[in-house]
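A.B. asks: One structure follows; several queries about it will come next.
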Amino acid sequence: MDGIVPDIAVGTKRGSDELFSACVTNGPFIMSSNSASTANGNDSKKFKGDNRSAGVPSRVIHIRKLPSDVTEGEVISLGLPFGKVTNLLMLKGKNQAFIEMNTEEAANTMVNYYTSVTPVLRGQPIYIQFSNHKELKTDSSPNQARAQAALQAVNSVQSGNLALAASAAAVDAGMAMAGQSPVLRIIVENLFYPVTLDVLHQIFSKFGTVLKIITFTKNNQFQALLQYADPVSAQHAKLSLDGQNIYNACCTLRIDFSKLTSLNVKYNNDKSRDYTRPDLPSGDNQPSLDQTMAAAFGAPGIMSASPYAGAGFPPTFAIPQAAGLSVPNVHGALAPLAIPSAAAAAAAAGRIAIPGLAGAGNSVLLVSNLNPERVTPQSLFILFGVYGDVQRVKILFNKKENALVQMADGSQAQLAMSHLNGHKLHGKPVRITLSKHQNVQLPREGQEDQGLTKDYGNSPLHRFKKPGSKNFQNIFPPSATLHLSNIPPSISEEDLKILFSSNGGIVKGFKFFQKDRKMALIQMGSVEEAIQALIDLHNHDLGENHHLRVSFSKSTI
């Protein structure tokens with residue numbers, strides 16, 4: 001890792017980690033004032049630690065080159081997107097810290113992620129690596145008491161024990177967040193494309209429960225006030241999102257704590273919303289934010305669906321910057337710059353590159369762990385085509401469990417990766433990452449290929465041929481319920497049930513739309529069955545010049 005020394009170079013490394021290693025090796029770690037001064041001043045003695053190699057995963061993570069004025073809360077916030085932080089050791093004299101995650105998997109995810117995205121605290125890049133030891137034990141010195149109080153405050157809020165969090169925060173924990181407001185003031189600079197209240201909600205809700213949002217224009221700048229359920233979430237969001245762009249080279253977030261401690265929302269509409277009061281009126285005279293802004297900027301309209309619509313990821317999804325790093329069930333797993341699905345869909349609809357993503361312009365995906373006996377270019381074209389216009393597909397000739405899928409642009413590739421990674425296809429969970437290739441090469445004339453490479457650049461089955469297509473507003477994660485459209489009048493419910501059970505799947509529910517019988521919902525026995533049915537039956541000829549359209553539904557029957 002560039003700029004990072006090994007965690008323990010046996011017999012050669014000296015300093016705070018050496019001291020830490022020696023103490024842990026000999027028993028529970030006790031950082032007394034004497035040993036602290038040793039760590040800060042006496043580096044002369046050689047030390048032989050255990051011989052675990054430097055890159056071996058551990059629950060304990062070593063953080064170096066911290067700013068001298070860093071708080072416990074800021075250090076803890078580095079681990080929050082990846083899981084629960086269970087212990088913290090601050091070595092401020094050395095500008096270092098150790099944090100312990102609740103699982104080795106969470107720690108591994110964190111280290112892998114920060115390997116590709118250098119974290120910055122107070123404008124200073126910091127360095128993260130595995131520690132040489134599996135467990136962190138601390139004493140009750142004043143420094144560690146502050147660290148433990150900070151941890152208690154964060155973990156109490158995460159577990160919903162707000163009363164305990166308040167009492168813990170009342171202790172002088174050295175956390176900046178302890179006395180701060182749960183309300184953030186957000187300014188969006190360089191507003192080239194409209195940013196809606198719903199896009200803000202979906203971005204910021206990854207860091208905690210958003211209670212209220214008010215948007216307004218002041219000094220010719222689009223601004224928002226956003227209230228979290230607790231100050232810890234506000235601190236976490238500010239640290240992660242301040243200075244980031246929502247879209248490529250524009251819509252920069254500037255975030256500060258508001259002097260207000262609570263927001264008073266009178267109307268639920270496009271300018272303000274109280275998520276705790278769905279009964280509030282819309283306010284007839286309140287102008288629609290997305291319409292007025294879209295008109296003012298002449299930009300493609302950013303989707304303004306329900307804040308809950310399309311926001312769910314499958315149980316396993318990829319943090320884009322980590323090139324498809326899989327994060328199972330991470331609470332608040334939106335890492336810095338990761339754009340939620342609805343905002344990504346908005347970007348894709350306007351052909352906007354999502355900023356800050358490793359290979360944001362790369363439209364080629366590497367799909368692995370495929371079933372080589374069953375996968376075909378056509379099946380991948382149909383499945384990935386739910387999230388964008390697939391240009392080319394190549395199943396690797398000598399490794400048929402791997403394929404390259406080229407989308408129309410990087411935003412569509414991000415959408416497909418975030419929604420499909422980890423889902424089962426032909427009985428195997430697929431793994432999706434960004435490829436190092438910039439495009440998929442067609443085979444040369446006379447080159448053996450066995451039909452494993454297909455060019456779909458001019459396919460009539462592309463769902464998103466027009467920039468700003470409304471189909472981008474109907475992109476949802478794979479689910480057991482499918483949305484059917486373009487059904488001719490002669491086709492009955494029974495006909496469709498028979499059709500969808502013909503590939504071995506079980507139909508558990510069906511209903512036509514009341515107002516439009518050309519559309520219906522059908523529920524399969526599992527998400528995997530629904531994925532297979534979509535692949536098999538999208539564009540199926542129903543007669544009378546009607547070809548069935550199949551997509552994943554946000555609704556259930």
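Using N, Cα and C of the backbone, Cβ positions are placed for all residues, glycine too.
Take a look at what Swiss-Prot says about it:
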- LYS65: SUMO2 cross-link (CROSSLNK)
- LYS218: SUMO2 cross-link (CROSSLNK)
- 59-143: domain 'RRM 1' (DOMAIN)
- 184-260: domain 'RRM 2' (DOMAIN)
- 363-437: domain 'RRM 3' (DOMAIN)
- 480-555: domain 'RRM 4' (DOMAIN)
- MET1: N-acetylmethionine (MOD_RES)
- TYR127: phosphotyrosine (MOD_RES)
- THR138: phosphothreonine (MOD_RES)
A.B. asks: What is the one among the recorded sites LYS65, LYS218 whose Cβ has the most other Cβ atoms less than or equal to 10 Å away?
C.D. replies: LYS65
A.B. asks: Is it possible to list how many residues within the domain 'RRM 1' (59-143) are helical, extended or coil according to DSSP?
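C.D. replies: Once the DSSP states are binned, the domain 'RRM 1' (59-143) shows 29 helix, 26 strand, 30 coil.
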A.B. asks: Please report how many Å separate the Cα atom of TYR127 (phosphotyrosine) from that of LYS218 (SUMO2 cross-link), as a whole number.
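C.D. replies: TYR127 (phosphotyrosine) to LYS218 (SUMO2 cross-link), Cα-Cα distance: 39 Å.
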A.B. asks: Counting every protein chain present, what is the number of Cβ atoms, excluding its own, within 10 Å of the Cβ of the residue listed as 'phosphothreonine'?
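C.D. replies: So the Cβ neighbour count for the residue listed as 'phosphothreonine' comes to 20.
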A.B. asks: Taking DSSP three-state, what's LYS218 (SUMO2 cross-link) in: helix, strand or coil?
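C.D. replies: DSSP assigns LYS218 (SUMO2 cross-link) to strand.
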A.B. asks: For LYS65 (SUMO2 cross-link) and THR138 (phosphothreonine), determine the Cα separation and express it in whole Å.
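C.D. replies: Counting only the Cα atoms, the answer is 21 Å.
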A.B. asks: Distance check, please: Cα of LYS218 (SUMO2 cross-link) against Cα of THR138 (phosphothreonine), rounded to an integer number of angstrom.
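C.D. replies: A Cα-Cα distance of 49 Å.
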A.B. asks: By DSSP, what is the split of the domain 'RRM 3' (363-437) into helix, strand and coil residues?
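C.D. replies: Tallying H, G and I as helix, E and B as strand, the rest coil: 19 helix, 24 strand, 32 coil.
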A.B. asks: Within 10 Å of the Cβ of the residue listed as 'phosphotyrosine', how many other Cβ atoms can you find? Include all protein chains, please.
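C.D. replies: By my count, 18.
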